[in-house]
Ligand SMILES: Cc1cc2nc3c(=O)[nH]c(=O)nc-3n(C[C@H](O)[C@H](O)[C@H](O)COP(=O)(O)O)c2cc1C
């Protein structure tokens, strides 16, 4: 058993947020060995003109302050996403605010965008990296001008990040998800895009929108319409859910916050499929929510995801999950006769590209 394998059972004895902070410290100190071997060539793809060695990324919220992204890439993730970052540092909600629902292979969090703010995160990104790192931006809880906050995020990260994400889907900042309605969303996306283009006239990073899995039919159509009317270059589907499926057994199931992990797999994949159909495969989509195996990742890819991300499964399976997942995914692609990931994207939603 390697160091990471040994550490996992110990970390799970700690309260969840303490375990998370310890993991970040271990990664930042370079104490987790790079389990990374060459990726199977079938997993490589080009999205937004950028080369991904494999399609499996680490989702936002794990490395909020960009303290461990180089180590995360060395573990073998095809990409990672720092943030959510807000203009000013903020403490987030009172603890406890992170709960393991072990029986359900799920997590509930109401962190509330705890982060060190744009300046601290930007200075860590300035020293560069080898791989693909996105920056996920949000607004401060007490901000009176949401659009201005996102514009500041775009200004700070457009010159540095490989992609930008407008996060309007966290359930833990009051009023945030109202920005997913058609008019405010269009205004926000246009303003952020204009700022990105002002800062980076040549080769600007793609601008993505991360949406909630709890949108109704009208809202999903609004998101697709806004996305297609050109202000954004892709969608991330999805953030955590405020729903509490009947199936949940853990004593923590009534905690307030966003639910992630296994119970999110199906609803988030259905929403991905829906948005893939509505956008007709014209926009790259990132599928996230409940992925814990190669089969889960493959289901998202066939439903329309060019790339996937995960977070909660790491809590239960540790970083060893990644090597296994990539091996399973490559095997499933081959078994179905696909030479590369790109060939399988959307085959079950819109007949593929
Ligand atoms: C503890 C925790 C913190 C998170 N923080 C953020 C965040 O700051 N910004 C964001 O866009 N998503 C955040 N997420 C959502 C994840 O990026 C992801 O969309 C969600 O957890 C579903 O994926 P999973 O089921 O693989 O965890 C967070 C998730 C967890 C569990």
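In case you wondered, yes, glycine gets a Cβ from its N, Cα and C as well.
Any TrEMBL annotation is an automated prediction that lacks curation.
Feature annotation from TrEMBL assigns domain 'Dihydroorotate dehydrogenase catalytic' to 43-333. If you look up TrEMBL, you'll see 60, 61, 62, 63, 64, 84, 136, 167, 210, 238, 261, 290, 311, 312 marked as FMN binding site. Among the features that TrEMBL reports, substrate binding site is placed at 64, 109, 110, 111, 112, 113, 167, 172, 239, 240. Per TrEMBL, active site, nucleophile is recorded for 170.
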Residue 210 (FMN binding site) and residue 167 (substrate binding site), distance between Cα atoms, whole Å: 5
Cβ neighbour count within 10 Å of residue 311 (FMN binding site): 21
For the recorded positions 110, 170, the one whose C-beta sees the most other C-beta atoms within 10 angstroms: 170
From recorded positions 60, 62, 170, 261, 311, the one whose Cα lies nearest residue 112 (substrate binding site): 170
Sequence-distant neighbours of residue 210 (FMN binding site) in its chain (C-beta under 8 A, six or more apart): 60, 136, 165, 166, 167, 168, 169, 235, 236, 237, 238, 239
Between the residue listed as 'active site, nucleophile' and residue 311 (FMN binding site), the C-alpha gap once rounded to whole angstrom: 15
Sparsest Cβ surroundings (other CB atoms within 10 Å) among the binding-site residues 112, 261: 112
Binding-site residues near ligand 1 among 62, 112, 136, 239 (Cβ under 6 Å): 136, 239
